[in-house]
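The structure appears below as structure tokens.
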Amino acid sequence: RRASAGPHREHHDAYAHAQPRRSPQALRRTRAVHHPLAMSAGSGPDQRRGTGGTSYLEADKEEAEASAGGGHEEGKAAQLTIEEGRGGGAVKVNNDNPEYQRMEEERQRLLMEAQRLRLEADTDAKKLEEEEKRVEEERGRRVEGVIQRLRTATALEFPAIIKSSLAAGTLTEEVFQSLVDKADNAKTPEEKEELTFLSETALRLVEENDPKLAQKIQRSLLKVRLGVDPDLKEELDKLNEPLSTSGSPTSLKKGVDELREMLEGAMNITLLNDTNGAVVKINTSIPFVTVPEAFLPTWFPISLSRDLNTEVSRDLSGYDNVQPLTKKDLKILKEEVLLFDEWFSSSTDTSRYAVLFRGSFKGEPSQIQQTFDRMLSRVEAHPELKDKVTLFLLPQRALPFEMMEQLEDATMDMILRGENKLNEPCMIAVSKNLLSLDKGQTKGAQNRALVFQAILLAASLFSLTSFSVATFGLNADFWSRTLAGDYGALTDCFPEVGFTFLTLLAHEVGHWLAAKKSNTKISLPFFIPSLQTGAFGAVTRLRDYPRSKKDLFDLAIAGPALGLATSLIFFVVGLALTSQGTNEAIASWPVLPAALFHNSFLLGLITDFLDKGLLAEKITTPMPVHPLVVSGFLGSIINALNFMPIGRLDGGRAATSALAAGAPLLSIVTQLAQAASGLFSGNELQLFWGILVVIFQNSPEVPAKNDFSQVDSARRTLFFVALFITLLVLVPYPDQILGGAATGGMQSMPPMGLPGLDKIGA
């Protein structure tokens, strides 16, 4: 304040030197008068008097006159008159010193000068604001003019307009940003597609003519769309933060190398080592840089990364709905979800889209499932988390670099004794929009999926009908009527088609009932047509993460259980009706070789128990059977194929729930056995089914939200029982042990009946 006082400081010094010397007592009395507490007490003279009853103002006046009369030079220089105001409330100081008057005039002049400068500054600011507004409007008109020229140009004129705009300097970053904004706000999909194509084509031509400008435009678009610095240093620091908080130097190096590979591969950028850190160079081989999976930390579980929402359009609009987790979300999770009396958090690792909580549960291990269910309920009920966060409970072995670090540090004895941290729990909160089990479920995508499902259903019904016609290949009456032009004979196939389709529906109803019980969302079935068995069943996708392994197990086993039970009932009833069939009824039944009853150990046992004569026949003997027998046989085979413990088949889901880490090994062993059966035993059914599974269903199933708690022993036992029944259905009947003709393995029924009869037996 002294430095900025200017002339006022000189005024204060001159006034101070002009004052007469006063005693300390008078100074104390004067300060008391001007003290805020004293002055706020009131304005009357009695309220400003000392303890002796004498007014401080009168004392000051006497002291001043005494000092002035004492011959001091200072007193001569200053002629002071102190008067008590009306009512004793005001003090007036008169100073006739010329120096004081000059300083007062100077102060008034400076105040007026400051006011004038303030007015001039306000005027200049308004002029500058108007000028900036005019320049912005001019720039907007120029940008709109360039865009209009580009939109109205023909394919031949487009390159020339790009070159002329570059030469004139009008093709700037604002033009491309305006194109992207217009595409985002387009009213129709056609307009958005036009603007997106226009921007991509223009940027590609700019890249050919001016690579530096193209790179600058790409960096500008990336900064605006993602809110990050063009060199990605800020985001790179966020990704490295979890790596720097824990881990050995070896695992840290592996994490940085993995991060480098993901960034280079997913974002088309190059990371160059420099003495000051990592330097990012953005390549220009693509018009728009997309958001990579590398924004996830290296501890992000692989089981969750398989279902990331990676459907991002070229202009990055697909990531507008992926909400990053904020500090507020983290605070809510710590204080309102992971309560202190239920969960002890030892460390927390944060990233843009996920948060990792390491720690342990309080209480009995048997109560973990109930405790986590309460946490999930709190997340689903919280208004700020229910549509934003998905909470998972996983073992630490699910974290890829955590496993590497622990295996590096732990000895084999520690692992065998369970003393490593791989079996300890950890919580992971993930942005809900990042994970997408139901990718692309816009209204249009849903309609396309329904159309595709309808096409597959029609194809499956056609293949079932074709297979049914083939099963009548040895029925002489059927073919004589058909060749005579009586196509009404084809209606004899419909009961078999209907009963077989009922076994498939029973399978899907089992899934639906289990999903409804556990409140797990599943898709409508995608039926798979097949000329070998009429159909291979259906694929039902998970549209939500099951709450626990128990729910996933129940969902997986319910379909095959109900489907196989329905099929076996059809088979048994069909055998009973076959033994009681009349000649008239047999004329409308399918006729198959006796090899049918040798293709399954379980169905062969049932046949041998109900009618030993069927197994005693030669495998090439034509056998008229009730349509329920064929439907029951096909339904049993189809349900057993779907319970093979591979990938995302029902058996693979059940194995993932019951065996946890042992499921991948069982899947590999099953696939090897399946390949051997198809290649070396001539089992074409297993060969074709194996190819379909490897292509479409081989990836592991998604984890449950509680992937830490294991299923109970009863469900684990049920899994092995179901797996044993599946094996009995798929393994051929051992004629060499029970007596009878050897079959050599399960064969698929030929689609045209008689021409494949010689291939039925081995």
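Keep in mind that glycine also has a Cβ here, set from the backbone N, Cα and C atoms.
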TrEMBL annotation (coiled coil) - matching range among 100-138, 178-216, 217-255: 100-138
Distant-in-sequence neighbours of the transmembrane segment (552-577), which means Cβ under 8 A and at least six residues beyond its ends: 499, 502-504, 506-511, 513-515, 517-518, 520, 522, 540, 546, 603, 606-607, 610-611, 614, 625-636, 638-640, 642-643, 650-654, 656-658, 701, 704, 711, 715, 718-719, 722, 725-726, 729
Segment-level pLDDT (mean, integer) for the coiled coil (100-138): 88
